[in-house]
Amino acid sequence: SDGKLTDELVIEVPDNENWIQAQLLKKTRLEGADKEKKEDCGLQIQKKTVKATQKQSSSEKEEDAPVQDIKTQVLRELATGFKVEEKLKIEVSEANATIGDKEKKKLLGDLENLEEGTTEESYARVPVESFGAALLRGMGWNKEADKEREETKPRASLLGLGAKPLSQLSRRSK
């Protein structure tokens, strides 16, 4: 209550979806499926089945089915007063979705979860001096781990890479 925060402020940053790794994972899955199907050695015999007669009989049924479906769709549309076409929209599955589809879906989700707006109180709640550190803490930065890092020493002026300062050279020559 003296104006200081007892806990350090952390601004959480959502993870980005790594679409490159998703493509590589999809590619390895497809390659793995191809390897399972192929037999590289030994006698390979193709199994033939009698599906031709089944396909002919099912194709005759399928020709009648669309006619019945159209009739039932028209009757449903007249009875309920809605268009069946609206219900027949094809959803893009996650496996076949392009990067643009995934990004669009994510954007729409973000827009739904978006806060109404920022106010002066929300800006006043986060001091300008601690904003950068709070954002870094949200990304996983640790102040104690940063202290353990070795301090870099600036190079003397006009001293190139790999060159030793004159003071070290004069000590060795004595």
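Every residue, even glycine, has its Cβ placed from backbone N, Cα and C.
What TrEMBL records for 143-154 is compositional bias 'Basic and acidic residues'. TrEMBL lists 118-166 with the feature domain 'Spp2/MOS2 G-patch'. Here TrEMBL flags 33-68, 142-174 as region 'Disordered'.
Sorting each residue of the compositional bias 'Basic and acidic residues' (143-154) by its DSSP state yields 5 helix, 0 strand, 7 coil. Across the domain 'Spp2/MOS2 G-patch' (118-166), the DSSP tally of helix, strand and coil residues reads 23 helix, 0 strand, 26 coil.
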